[in-house]
Structures are given as structure tokens and as C-alpha cells.
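Taken from Swiss-Prot, the feature S-adenosyl-L-methionine binding site covers Gly63, Trp65, Asp83, Asp99, Asp124, and the record attributes it to sequence analysis. The active site, proton acceptor annotation in Swiss-Prot covers Lys164, and the record cites sequence analysis as its basis.
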Amino acid sequence: MANKKRSASSSRWLQEHFSDKYVQQAQKKGLRSRAWFKLDEIQQSDKLFKPGMTVVDLGAAPGGWSQYVVTQIGGSGRIIACDILPMDPIVGVDFLQGDFRDELVLKALLERVGESKVQVVMSDMAPNMSGTPAVDIPRSMYLVELALGMCRDVLAPGGSFLVKVFQGDGFDEYLREIRSLFTKVKIRKPDASRARSREVYIVATGRKL
């Protein structure tokens, strides 16, 4: 019975996915993923990216966000991206494949960033979802805490942090933590984000000294 339920749920997800207008637009435009449209909407409202910036992209695969940011920061900019999954190369993106939770991978990522601070840290990381909020939310909160830790390590004063968060236990505390570190914090729910999804995007700008 459980397998039948999973099969029906998977079929519904696939049907919803391929009928999604943003998935269809991404395919037509040759984009890596529908996430490109989420970031485009955030950029239109919050202007996070400018030419010449250095950006860290966590949870980068398949590359929708990196693909978008390249168009905003130009040839003088730089993107350092990381994901546990493989990602096809993108010109202008320095990609590291590995588990961000692993100390050796984190060390390698920090080495790629180097001594200079970055202007934006963005995270689209998410755990493998079980469908059970009591399991999924804590896993997600662990990842977003790691992303915030990366901000503390590499983000320049005045820099910005963009992170996908799933609303649930720990969300309010996490939001308070971000507000203590940044001068302006907004919550965005892009049109390309499915309405039934718990995901929202926290946009934090003006990292405090």
C-alpha cells in the first residue's frame, strides 16, 4: 500500500512539474532549471547583483542560479559554486563538487574564495525530502545554519545573503539571527515558487560590521 501511495504521489509530482509554465519556459530558453525565474524576480525587486561582484552559490546544481548570476556580474565578476551533485560547466563559474557539510569540502571551498571577501552568499540548498515535516524541517534548518556560517566567514561588510528556507520549527529563531547580522531583511515568495511549497527566500542586505 505504501508503495502505491508513493507511486501515485510521484506521478502527481511529475504531472505538475512538466505542466508548470516555468518549467516549460526554462526548457524553451535552454535554462538549467526553473530556479532561474525565482532569482530573476528577486533581482528585479532587490538588486543584489552588480557587475564585478564575487558570489558564492551553495546548493548550485543543476546551475540555474549560477547561470542567471553570470548574466548580472559580467566577465569581471566571479562565482564560486558548490553542490554534492555534479553540475555541467558554466563559463565564469568555479564549481566544487562535494558535500558542504564535510569539513574538507568546506576547507576547499574557503580556499577557492581566498583572502578577499565576497559580496553575495546565496544558498538554494535543501535536503532530500521525505515528505514528513518533522524530519525535513530540522534537516533544512541545519543546512541554512551552515549557509549563515559561511556568511560569517566570507561575506564582506555591506554584503548580501539570499537563502531558501522552509517555514516550520526554528524559522522564527533563524530569522531573528539573520536580523541581528544585517541592516535590512525581507521575505520573498517568488511567483515561480509553487504555492503549496513551504519554501520562502530570505533576502538580507547590508551585513553589519
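Heads up, residue numbers simply count up from 1 along the chain you see.
A Cβ is built for glycine as well, from the same backbone N, Cα and C atoms used for every other residue.
Positions of the features from Swiss-Prot, shown on the structure.
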residue	record	CB count, 10 Å
Gly63	S-adenosyl-L-methionine binding site	24
Trp65	S-adenosyl-L-methionine binding site	28
Asp83	S-adenosyl-L-methionine binding site	22
Asp99	S-adenosyl-L-methionine binding site	12
Asp124	S-adenosyl-L-methionine binding site	23
Lys164	active site, proton acceptor	24
Lys164 (active site, proton acceptor) to Gly63 (S-adenosyl-L-methionine binding site) - Cα separation in whole Å: 15
Pairwise Cα distance maximum in Å, S-adenosyl-L-methionine-binding residues per record: Gly63, Trp65, Asp83, Asp99, Asp124: 18
